[in-house]
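Worksheet for the structure shown next.
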Amino acid sequence: MDGEGPLYRSWIRSHQRTPSGSRDFKEATKRDALARLAVDLERLIASVPENKRPHVEKEFKGFKNLFSRFLAEQGPSVTWEKIEKLPEGAVIDYSSLLTPTTDNVHHMLDKLVVVKLNGGLGTSMGCKGPKSVIQVRNDLTFLDLTVQQIEHLNKTYKCNVPLVLMNSFNTDEDTQKVIRKYQGLKLEIHTFNQSCHPRINRESLLPVPRHHDVQSDIDAWYPPGHGDFYESFYNSGLLQKFIKEGRTYCFISNIDNLGATVDLNILNLLLNPDPQKIISEFVMEVTDKTRADVKGGTLIQYEDKLRLLEIAQVPKEHVDDFKSVSQFKFFNTNNLWAKLDAIQRVVEQGSLNMEIIVNNKHLSDGLNVIQLETAVGAAMKCFEGGIGVNVPRSRFLPVKKTSDLLLVMSNLYSLCHGSLVMSPQRMFPSTPLVKLGDNHFAKVKEYLNRFATIPDLIELDHLTVSGDVTFGRGVSLKGTVIIIANHGDRIDIPSGAVLENKIVSGNLRILDH
C-alpha cells in the first residue's frame, strides 16, 4: 500500500514552506501532525463519561499507533522483486488431509472457538441494519444458519463449541436484540465490539468528530476493518477466558460466507500435527483463483515468511501481474484458523504490524476523509509456522450482491443443518457466473419482486440480466443466457419458459387477458 500516495503528497504540498526535497521538513511536518492529533484525541477523551474512559483510551491507543505508522510509511509495503515463489509445502492440498475418527472429534471440538466477523451493514444490498439478519434461504438469515450449524455440531458430538460475534458500533445493538431468540438452544453466544475510530479530514489530517457521542455524529466514526479483531478480542477479555477453559484455536470467517463451516479435517491438522514439523499458529484457507477472483488477496512468500498480498499493496505497474491466474493461482477466502495463546503473545508484544489500507471516503456533507484499516489475514506474517490449505471452492460462498443471493436461494443448493450443500444433479462443482443489472436488481427488495419463483439453475453456466426484466414461475435457465431490456423496454420471461443458450433482447410483454 502506498503510504506516501497522492493524499499524503497533496497534504505535504499544501503545508510546504521549504523546497520539496527537504527531508527535515517532512519529518517536522509528520511530528506536527502526530502532536496535533494527540491534542485532539485528548479533547475527545475529555468528553467521555468517566466509567467509559479506560475503554476509549485503549481504542485511541490503537488508533494513534495506526496513524503514526501511516505517517511513517515510505512508499509501497512490498518490493515486487522480493516476492519469492511459494516454497514446497507452504500450501497443503485439502484432499491430502486426514479425517479424524469419530471418537476423537468430541475432544477436538472442545478446543475450538468459532468467530464470525459481524461488523458489516446490509446497505450495499439496500437493507437496514446488520447484514447478518438478511434472509438468505427458507426465511433464515446468515445468523440463523450459523447458529444452526454450531448447535448441530454440539448436539452431534456432545460438545460445547462457543460462537463469538465481532460486532461494530453499527451492528451491535440490533444483533443483541436478535440473539435473544437463541436463548433456548444448546449454544453459548458471546459478542464483543471492534474498535470505533475517528475518521480523518483528508486535508488537515485531523480527526473529524468534535465530541465522543458516536450515535449523534455517526458519519465521523468508522470501524477499522477486521484486522482489528486481535486487539479487540484481547481487550474484551474473551481471549483469556477461552485460554483458561483449555481451548487452543479459533476459526475466524465472514458471517456472509455461507461456505465457512467448521471443518474437522483442518482442525485435525492443527491439533494432531506431524511431530517433524513446526506447530502451525495460523492457517489461511485459500482456493484456486478463477477469472472472477482476480482482485482477491493472494498468498506470497516474502522475506522468508508466508504473507497475504492485497491488490491495494501492489505497485501500479504490477497490477496486471497480480491479477494473473498463472502467476498467483490462489486467493484468500478469509477463512482463518489462529492459535489463541499466539494471539495473546503477538498482542502483548505489540508485534502486529499489519499493512495499512487507506480508504478514501466522501461524506454526505462534502467532506473528503480517510479511514485507516487493516485486514485480519494480513496478520499471518506475525505468527509462527503459518501455512495455506487449498480448499474446495465450496468453502467460499460469500453473499455480497443479489447475484450471489440468487445462487444460494436456488435449487443448486439444499439446506442441511444450516449448511448449504451443492445439488448432486449439478454436473460440475463450479457455480454459474451471474451478473444482474445494478439499476433494477441491486437492492434485495427489488430483486425479490422480479422473480415469481427462483429459476432452475442446475444446468446454468452464465447468466447476464440487464434492464427491466421479470421472471414468471418455474423458469429454467441452462447454458449461457443473456437477457437485455433496452431503456424504456420491458421483458417478462413467461412462467414455465426454458431458456437454453439464448439471447433475449428488445421488448417482451406477456399480457393477461
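Counting begins at 1 with the first residue displayed.
Keep in mind that glycine also has a Cβ here, set from the backbone N, Cα and C atoms.
Lifted from TrEMBL, the feature list:
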REGION    1-27  region 'Disordered'
BINDING   Lys131, Gln194, Gly225, Asp256, Lys400  UTP binding site
BINDING   His226  substrate binding site
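Distance between Cα atoms for Lys131 (UTP binding site) and His226 (substrate binding site): 15 Å, as a whole number. Separation of the C-alpha atoms of Asp256 (UTP binding site) and His226 (substrate binding site): 14 Å, rounded to the nearest whole number.
Across the annotated binding residues for UTP (Lys131, Gln194, Gly225, Asp256, Lys400), the two most widely spaced Cα atoms sit 21 Å apart. Each residue contributes its Cα atom, and for the residue listed as 'substrate binding site' and Lys400 (UTP binding site) those atoms are 16 Å apart.
Of all the binding-site residues listed here (Lys131, His226, Lys400), it is Lys400 whose C-beta has the fewest other C-beta atoms within 10 angstroms.
Note on Asp256 (UTP binding site): other Cβ atoms within 10 Å of its Cβ, all shown chains, come to 22. Taking a C-beta cut-off of under 8 angstroms and a sequence separation of 6 or more, Gly225 (UTP binding site) has the following same-chain neighbours: Ile357, Glu373, Thr374, Ala375, Val376.
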